[in-house]
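A.B. asks: Before I ask anything, let me first share the structure, which is written out below as structure tokens.
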């Protein structure tokens with residue numbers, strides 16, 4: 001059975017733990033208890049393939065940022081989560097992505113941009129279009145989710161697994177700075 005190492009990143013209070021617990025335990029946690037680092041495992045079937053999701057729920061608070069490099073090194077794919085009710089959490093996503101790319105020394109890493117708390121439409125500070133544009137600029141899928149009313153929760157994690165699978169199939173591509181040289185044929189006369 002294939003195991004996928006998923007890492008969920010984003011600012012404090014955007015709902016990373018709520019999304020993860022909704023996926024794993026099918027319930028919504030409404031009290032805010034800042035995470036330092038939690039790990040969850042769940043066996044699921046995605047596109048008729050049974051696999052094991054190893055999900056690392058990370059700290060959003062800046063005081064734990066020193067821990068980020070380590071989990072970014074080991075993760076295969078990343079859910080970059082912001083809250084649609086927080087402009088600042090949206091603005092942080094680009095720096096999370098840059099840090100991931102730097103740590104992994106790659107131009108592209110399997111990633112999905114997630115706008116959480118879509119049930120709080122009246123408090124929206126970030127439009128759906130802004131989220132779509134950001135994800136498009138990254139070459140990543142985009143979803144709006146709600147851990148509270150369970151909108152697109154499974155789809156967010158499953159889409160990330162599909163991105164990892166695509167990446168693994170194309171893994172023979174050269175990494176940043178390492179270009180494959182074309183084969184040259186010589187003709188002797």
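Just so it is clear, glycine is given a Cβ too, placed from its N, Cα and C backbone atoms.
Remember, predicted model here, so these are calculated numbers, not experimental data.
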A.B. asks: Which one of these stretches, 14-22, 23-31, 32-40, shows up in Swiss-Prot as motif 'Effector region'?
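C.D. replies: The listed stretch tagged motif 'Effector region' in Swiss-Prot is 32-40.
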A.B. asks: In the structure shown, which of the binding-site residues 10, 13 has the fewest other Cβ atoms within 10 Å?
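C.D. replies: Comparing Cβ neighbour counts within 10 Å for the binding-site residues 10, 13 gives 13.
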A.B. asks: What number of additional C-beta atoms lies within 10 angstroms of the C-beta atom of residue 16 (GTP binding site)?
C.D. replies: 27
